[in-house]
Structures are given as structure tokens and as C-alpha cells.
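As annotated by Swiss-Prot, transmembrane segment applies to 1-21, 29-49, 57-77, 95-115, 120-140, 158-178, 184-204, 208-228, 236-256, 286-306, 309-329, 382-402, with the evidence given as sequence analysis.
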Amino acid sequence: MELMMAIGYLGLALVLGSLVAKIAEKLKIPDIPLLLLLGLIIGPFLQIIPSDSAMEIFEYAGPIGLIFILLGGAFTMRISLLKRVIKTVVRLDTITFLITLLISGFIFNMVLNLPYTSPVGYLFGAITAATDPATLIPVFSRVRTNPEVAITLEAESIFNDPLGIVSTSVILGLFGLFSSSNPLIDLITLAGGAIVVGLLLAKIYEKIIIHCDFHEYVAPLVLGGAMLLLYVGDDLLPSICGYGFSGYMAVAIMGLYLGDALFRADDIDYKYIVSFCDDLSLLARVFIFVFLGACIKLSMLENYFIPGLLVALGSIFLARPLGVFLGLIGSKHSFKEKLYFALEGPRGVVPAALAVTVGIEILKNADKIPASITKYITPTDIAGTIIIGTFMTILLSVILEASWAGMLALKLLGEYKPKYKEESHH
């Protein structure tokens, strides 16, 4: 694809995406479903942006956009508020996440008539298990509910994003697309390394930023560090020693620690970074969802719509609720609170970026996938069902769960009356 064509497509996505996002704001609905539909219209329906060109652009826009969103989301999360809900968040991001992944994978294999142990289903489960801060944060800024409930779901979504990426990488090892000698060791090095390196860079940045007033230069400094984390963890280290760390998880950890440190120090540079991240996150959302819609070919929709719809419904109404109820057994939460958590897990940016990235990888490296997998399903069908299944999961979960968030909060949790002026969680 020519450079000027790519610039034209990006410009078109931004102009139309901004108009659509403004309409969504006026209608008081999340912009994600409208951006996805816009992508479908200018992609497969009107053929303005060819599917292959959309995929090419996504290879760059997806990973860079994820950095913006994870950094911005973690940067505004307060550790003091996180401490209040940490037990629930840890359960949701471990037990609930894993159960949701496994049940979604099981349903996927059942719908597509694959062996129950086939890694194809569990790859879909890993891609779609992460919930979405880009949907939840705007929803809870409008819905009056107990701040602890809102913070729990927002924190869960910020930290399960990198977990979704890590678990997808580990399962890709079974496809021969991610060098993996031992999935368990990979998981430990990817997550553990990310925490150590993310904290280390955050500490270095904290010292530099507090002692030198960077002002408008602070945002590129922090963003550049986040991009280098991704490069070092996901590319440089694995090529040198065979083991890396999850760059995305390191970005989230760095954002959380640095944002909190600068906020508590009342450092002027904090505001520069927040407004910069907000602007970039908006750009990333427009690119990721418009190009996800545009990536889809009409033939894909025709072939995979029914299985895609079934696995999406299974993921939203079976996998997530079972994951929440099993994950929170014996916790302090009432049945109604658990039900609210179960029905508020919209999927968004990370599943969108992962589905297309994984789809591209599978199609590019079809010859590397083991025969034990391809004798039941072709690489083209793997990529198609995962992309359409994820698309349907995002579309349905965001439309339904953002629409009923306020009504369910009122029905299940009752009207929230603050006892005193709550400290903002943003």
C-alpha cells in the first residue's frame, strides 16, 4: 500500500470517527459500537477502504494504540483507592479471568465441532477474556453508583488487559507462532518481568520528573519510555536470550506507579501527561475500532456470522457470569453485587487489537501451525472465526452492558447516596 493511500485512509477514519463519536456523545451512548459499524460501512459495504489495507494499517495502529490506552488508564488509577478493593480485583483478574477464558474456549470448540482440547477455542477465550477500561470509565462517569463498585470494575479492566495479552502469547506457543518451551515459565517471566521492569522505569522517571520541570516535554518522555518497554520486552530480549517480559503489562505497571507518585507529589507535570494520554487514547480508540470493522471481509461475515454470534453470546452470558460467581465464592460481596459484576464486563480495545493481530499472524504463518490443529480446522477458518467471534463479542457486550449499566445499578445496588464528598477515582 502506498504511503499517501495510508495517510488518506487514516485521515478518513479520524474525520468520520470524530463525527460518529460526537453523535454517540449526544445520544449518551458509548462510541465503540458506532465506530465498529462505521468501519463496516467504509470497509466491506462501500469498499472505500479495502480489507487488506485496513489489516496493514492495523499492524501498526493496533500495538501503538494499545500503549496509549493502557498508559492513560493506569496513570489515572489511584493506589489508595485500589487498596480498598484489591482483594476483589485480584480474584477477578486471576480466578474469574481464567474461568472465563476456559469456558469461552470450551463453548468455541463445541460450536465449531472441534475437539474439546483444541487450543483454537482457548485462543479465542484468551483474546476475549479481558474487559475494557475505554468503555467502563466513561460509563461510570455518568452512572451514580457506589464508587467502590466502579473502581473494582475499572481496576479489573486495566489489569486484565495485559493479562489477556500475556495469556494469548502463551497459547500462541501451542500454534508454533510464539517460541515457547514451557508455558508456565513463560507466564511467570512475562508477568513477573513486566512488574519488575515497569516499577524500575517508573522509579527512575519519578526521580527525573520531580527534580527537573519538563512541563510540555514530559509527555513524550513518558510515552517514549512506554514504547521502549514494549520493544525491549517483546522483541529485543526474546531475540537475545529467548525470554522476554510483557511490554504491555510493564506499561500498565509503570503508568500506575508513576501516575500515583506524581499525583501525590502534586507535580505540575502530572496534568501534562494526563491530557496528552487522553488525546492519544481517543485517537487510538478511533483507529482500533474503525479499522477492526474495515478489516472484515463480507465473505467472512457470511461464513462465520452464526458461529461468531453463538460464541459471543456464550462468552457474555455464560463464561463471564460463571467466572465471576466462581471467582468470588466466599467474598464479602452480596449476590446482587456479584450479578452486577457478572453483567458489566464489556470487551473492547484489547480483544479488538489482539483478534486482528492474531488473525494476521495465523494467515501469514499458516504453514507453521501443527497438523494436529489444522486437520480439524483450516488456518483461514481459525482467523475468520476468531475475528468475527471477537467482533460480535465486542459489539454485543458494549451495546448491552453500557445500555443497562445505570438501570442495573439502580435495580441491584439501589440508589447511591454519598455519606460525604467522595474523593474522585479519577
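Quick reminder: no glycine exception, Cβ is built from N, Cα and C everywhere.
Just going by CB pairs under 8 A, the stretch in 236-256, 286-306, 309-329, 382-402 that sits most against the transmembrane segment (120-140) is 382-402.
The transmembrane segment (382-402) makes no contact with the transmembrane segment (1-21): fewer than 3 of their CB pairs lie within 8 A, with pairs spaced 6 or more apart in sequence. With a cut-off of 8 Å on Cβ pairs spaced 6 or more residues apart, the transmembrane segment (158-178) and the transmembrane segment (309-329) reach fewer than 3 such pairs and are scored as not touching. For the transmembrane segment (236-256), same-chain residues at least 6 beyond its ends with a Cβ under 8 Å from one of its own Cβ atoms are 66-67, 70-75, 77, 79, 158-159, 161-163, 165-166, 169, 179, 181, 185-186, 189-199, 201-202, 205, 225-226, 229-230.
In summary, the transmembrane segment (309-329) does not lie against the transmembrane segment (184-204): fewer than three C-beta pairs, each 6 or more positions apart in sequence, are under 8 Å.
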